[in-house]
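Notes follow once the structure below has been shown.
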Amino acid sequence: MYPAHLLVLLAVCVSLLGASAIPPLPLNLVQFTYLIQCANKGSRASYHYADYGCYCGAGGSGTPVDELDRCCKIHDDCYGEAEKMGCYPKLTMYNYYCGTEGPYCNTKTDCQRYVCACDLQAAKCFARSPYNNKNYNIDTSKRCK
């Protein structure tokens, strides 16, 4: 084997070792997105909820800024309860449908049922809560204490 081939092989092995430390992406985020779209009948894109208030998006702290932000806090708390049950809510895939009355869950395992219920509750809460553009992309270091 040529020295150049060995260097390439070594580089591939090292990169694979580094990749094993990268945490998996949330798999059910796509499902949650579809539940949101179904619940609000496509009136607002789901990405609008990814950086809203103190709780919609990654993390969360302080007092929710409004009703919609409270939906996100409740969703975060629901995922926390799922984790206490031994579930992995961000990785749990579940079956759901978008019917004429809105989204509903159709799952088999306890974790799937619980996580889908968390997402369904949040999606319906988003649909009935007013969206205040002033609470999108806020400075959380100042407003979320």
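Note that Cβ sites are derived from N, Cα and C of the backbone, with glycine treated the same way.
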Just to be sure I read the record right: Y55, G57, G59 are listed as binding Ca(2+) in Swiss-Prot. Which of D76, D77 is listed for the same site?
D76
With the disulphide bonds as Swiss-Prot has them, who is the partner of C125, out of C54, C56, C71?
C71
Protein Cβ atoms within 10 Å of C144 (disulfide bond), excluding its own:
18
Which of the disulfide-bonded residues listed here (C71, C78, C116, C118, C125) have a Cα atom within 10 Å of the Cα of C56 (disulfide bond)?
C71
